[in-house]
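S.K.: The domain 'FERM' annotation in TrEMBL covers 33-392. Residues or ranges marked as region 'Disordered' by TrEMBL: 301-329. Residues or ranges marked as compositional bias 'Basic and acidic residues' by TrEMBL: 310-329. TrEMBL lists 411-512 with the feature domain 'SH2'. Taken from TrEMBL, the feature domain 'Protein kinase' applies to 553-829, 847-1124. What TrEMBL records for Leu853, Gly854, Glu855, Gly856, His857, Phe858, Gly859, Lys860, Val861, Lys880 is ATP binding site. The annotation active site, proton acceptor is assigned in TrEMBL to Asp975.
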Amino acid sequence: MSTSFVMELSRQLCMKMRKSKKTQFSSLPASTLGLEIHFYIPEIRHLEYIKGTYTAEELCVTAAKKCTISPLCHNLFALYNDATGTWYSPSHEFDIKEDSGIKLHYRMRFYFKNWHGTTEGESPVWRHCLNKLRGQSPQKTPEGTPLLDVGSLEYLYFQCQHDFQTGKAPLRAAQSEAEQHEIENECLGMAVLAITHYAKDIGIPFSAASREMSYKRFIPESLNSIIKQRNILTRIRISNVFKKFLAEFNTQTVGESNITCYDLKIKYLATMEGLTSRMGCELFEPVSLAITQEKELSNGGYYGKNSLMPKDKSKSKSKQDEKQKNRNKETDDGWVVFCDFHMITHTVIKETTVTIMRQDNKKMELQLLSRAEAMSFVALVDGYFRLIVDAHHYLCKEVAPALVVQNTETGCHGPICTEYAVQKLRQEGNEEGTYILRWSCTEYNFIIITVVCHEIDSFTIQYKNFQIEVDSDGYRLYGTDTSRPTLKELLEHLERQCLHTDNMQFQLRRCCPPQPREISNLLVVTKERASICQPTKHERELCIFHRIPKEDIEQEEHLGVGTKTNIYLGTLRVKNEEDEDAGYTSFQEVKVVLKVLGSGHRDISLAFFETANMMRQVSHKHIVLLYGVCVRHQENIMVEEYVQLGPLDVFIRRQQSPLSTRWKFQVAKQLASALSYLEDKKLVHGFVCAKNILLARDGLDEEEGEPFIKLSDPGIPITVLSREECVHRIPWIAPECVRNPSELSVAADKWGFGTTLWEICYDGEVPLKEKKLTEKERFYEAEFQLATPDYKELAELMTRCMNYDPKKRPFFRAIVRDLDVLEEKSPFIKPCPIQPVDPTVFETRFLRKIRELGEGHFGKVELCRYDPRGDRTGEMVAVKSLKPENGEEQSNNLLKEIEILKALYHENIVKYKGISQEEGGKTIKLIMEYLPLGSLKEYLPRYKSQTSLGTLLSYCIQICRGMDYLGSRNYIHRDLAARNVLVEKEGMVKIGDFGLTKSLKENNGYYTVKDENDSPVFWYAPECLTQCKFYLASDVWSFGVTMYEIITYCDSSKSPMTCFLDMIGRAQGQMTIVRLVNVLQEGKRLACPEGCPGRVYELMRKCWEHTPERRITFKRLIEELSILQQHHQQNSL
């Protein structure tokens, strides 16, 4: 060994010892006063705060300004405490005193792997750019804009250099000795990059940098320790090899390729990603972790030592459909995926317990070691959510940045670029005065107003930007003295002014606030995530659904009526897939609901199919499943899942005692989660209300779990409804849809949710039920609000949902989050004063058809059960309605019949019960009492052997009493016949069918009929046939004919029509009436029935006197018939 070599070796050892002692001395920590924020860039001095109160967000903004990090990248950074290993949420408040002694580091917390796009096989990461949004070819446009600005990249470089050297980012574990050698070489390569960057950055020669700096300063301390353990010759060889490689790299690679500091930073950070393990990741070890779903423990309990790490920080490992299939399977690295960030609705913190809620109400609940760790974890999830999913939504208010919360309230965007602002204004219609509020991308204290304006005397559209300066005193329009304490006040002032700039003048008219999941440069996207795109508008509108053969469905019980549809219980035959796989076919029967659009509504079939098309695109546990569509003859049928407990409003009203507040909030949250799902898919329901929510599980028994609801289909879209029908839906229908149904959007569902929440909170009460259509219309015109609960936060939520500006209604994710917070506070909701119920108004949807009772030329009568409780205990009623093809004249006749029947009340007249309205009052049904034994025409032939003459006379007396009462009210029936006399029970009859009844003119004593095409001529008196005049005495003639029917037991072979036709012979049309008049004028009458007592027949003849004045009255008939009945009872006849 040469002497020179030994001397060189001794010199190096001495230098090493001196450096080691110097390092030990210099590493002694200095005492910290108040709060200090340290930076990784050597030239930037730390921030000091001796006293005061600051939020972490405020401190981060100051730090970002100091490091020249733009507002766009500011949300990637947070404050970190090295001593405790704690990250602070933006909302964390530091109460600083001189002796606080808090030392923090400003760090990039939200990291995305391969943000630089240089790693092969990894998805690149970028910010959304407008060209990508417009769907242009990727060959023609860049994939996106860079994630980091210059200041952020600079800071990240020095942060990662620190983490690499100190071991904060540990090296990946070597699986072999060869790999360990490879890792060491890569670490030396990192030192080469760092020293080269240092030399280029400060502008010194590489040779000088090589002499000044040892590679040991730039490699991990762990590797340094390993090298120290090797013999001195090996260490010297490593040093010499490093110097040689450094020289070659700088002379050949850097010198010849014009490599910049930017390139060196990128290469350093990209290499570090592969060299270290879990770079940019955070690992949490909860005390316990449980995954539950709808109160059913599916996977939970104590897991021992758990680990938890947000996995979707950098990229999606697989496509969304693959993720869905393998949701609960382990990934290659042993992690179990709970959900994608896009599925999270909100998070909840209770002390040390964190709950992450998914859109399908599945949740992960974990207990962490401390409250600080819980806050740190939630802030991490919340921050990534805003970077990946929705830049303007926060998952948990407790950790959310105050600025994000404020932006939500003021309608201000984050620092979106001008291109996105202009694009949004174009999408909003480019109306003059429409504007967007957005924070500046470059300056922290400025809000920009981007407004649409036109040049004077020109229609050229331009977009102008105005700055609002924000400081401790408030908000000031930059360049003017106009300022106000709040942004809202400043905007209200500016909206009243006429603003001028260049060759333009304009007024601020309408603000466009952020919308859910709005795409902008604030969002970060990977290539794989970008490929998972929403269906296009054309794809959403394309009607595709499963067609069910009519043979596979069986229609059963009638459940009620929807808008232009009838609803039935049914059975669907479904193929058993397991048996089909085994090689043979079998079927199973499934209970379903059939929604039938009748042939009378074929003109709206397309709209009906649009609803079916919307339903076939959804798959959510709280939305009713559509099996398919069936076409049966001229009927179109939607076949849907059967939900056992029926409509929510019916269930709530059926409860004898009010439901708990917790129960109501659980139902509201499930509804909001379903609507949030639709909002994410850009689908509109269109008719959110309690009657369209079905209850699958009542949740009244604690053992069975909480209530479980399913949102049903909206029925016929409002775009094909009449204005009356739309107004009838107030207050569920959104105001903008009443003005113009084509404005139907997701915002309309938010209004409907607000009203439905009102219904749920007030135990199923129907809002505005006592209001007429004109009053409802005025309610919206005057922009009134429903009376809200006393509980302030709940009232605010309802009011926000029912904001008359659709753009200002909250996102459904925010609604779900806020409901969860409200539920935790367990508010007491004061019951709504019970509004008077009109017992004569029957809701059409509760009329369940049993069978048809009769049908005429213009209308029909059906037997229905009116079942508002939905428990099959409702009363049976007779429902008279017109056929769809009838015109206005028949509708008016039915209305007149209703008015007459409403005015009558007698024990021998069928009782009026009420009306049922459809199509906003355009279609009306008459509801009457149901008499189960039918008409005398049906009853008497069936019970002839059991009916004595005395009973027949009793029937006649009862009819006379009813007719006498009718005459006393100045009405003539005009259609009295056995077919229109109904039997309530044995011995009791009532007069029905007042369709031809007319009111007498007081001074004439008769009524003239102009059109008698469908008259019962064989029951009519001569004056009715010859002069079309009807008197009270004309009804007496008809009674005589009816009495004849009763005495003959309504024998069809002896009916009045048969007997008169035998007299006059067969004839057609008017000739029948002519011959009938001739026969009557000749004095011919119906013959005395066989077995009829003479005195009874004499009364019939008195009814058939030719002139009305000579006919017997109903009062006299009652007297005479009563005498005859008494004689019959005494066997004197």
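Cβ atoms are placed via backbone N, Cα and C, with glycine included.
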S.K.: Around the residue listed as 'active site, proton acceptor', how many other C-beta atoms are within 10 angstroms of its C-beta?
M.R.: 20
S.K.: May I ask you to report the DSSP-based helix, strand or coil state of Leu853 (ATP binding site)?
M.R.: strand
S.K.: State the Cα to Cα distance, in Å, between Gly859 (ATP binding site) and Asp975 (active site, proton acceptor), rounded to an integer.
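M.R.: A Cα-Cα distance of 15 Å.
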S.K.: Relative to the Cβ position of Leu853 (ATP binding site), how many further Cβ atoms are located within 10 Å?
M.R.: 18
S.K.: Which of the three DSSP states, helix, strand or coil, fits Asp975 (active site, proton acceptor)?
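M.R.: In three-state terms, Asp975 (active site, proton acceptor) counts as coil.
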S.K.: Please work out the mean pLDDT for the residues of the domain 'Protein kinase' (553-829).
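M.R.: Mean pLDDT across the domain 'Protein kinase' (553-829) comes out at 90.
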S.K.: I'd like the Cβ neighbour count for Gly859 (ATP binding site), meaning other Cβ atoms within 10 Å of its Cβ, all protein chains included.
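M.R.: Excluding its own Cβ, the number within 10 Å is 19.
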S.K.: Among 33-392, 411-512, 847-1124, point out the range having the most Cβ pairs under 8 angstroms from the domain 'Protein kinase' (553-829).
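M.R.: Per the Cβ under 8 Å count, 847-1124.
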S.K.: With every protein chain in view, what's the tally of Cβ atoms within 10 Å of the Cβ of Val861 (ATP binding site), excluding that atom itself?
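M.R.: For Val861 (ATP binding site), the count of other Cβ atoms within 10 Å is 19.
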S.K.: Just to verify a number: CA distance, Asp975 (active site, proton acceptor) to Glu855 (ATP binding site), in angstrom, no decimals.
M.R.: 16
S.K.: Non-local Cβ contacts of Glu855 (ATP binding site) (under 8 Å, 6 or more apart, same chain)?
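M.R.: For Glu855 (ATP binding site), the qualifying residues are Val861.
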S.K.: Does DSSP give Gly859 (ATP binding site) helix, strand or coil?
M.R.: strand
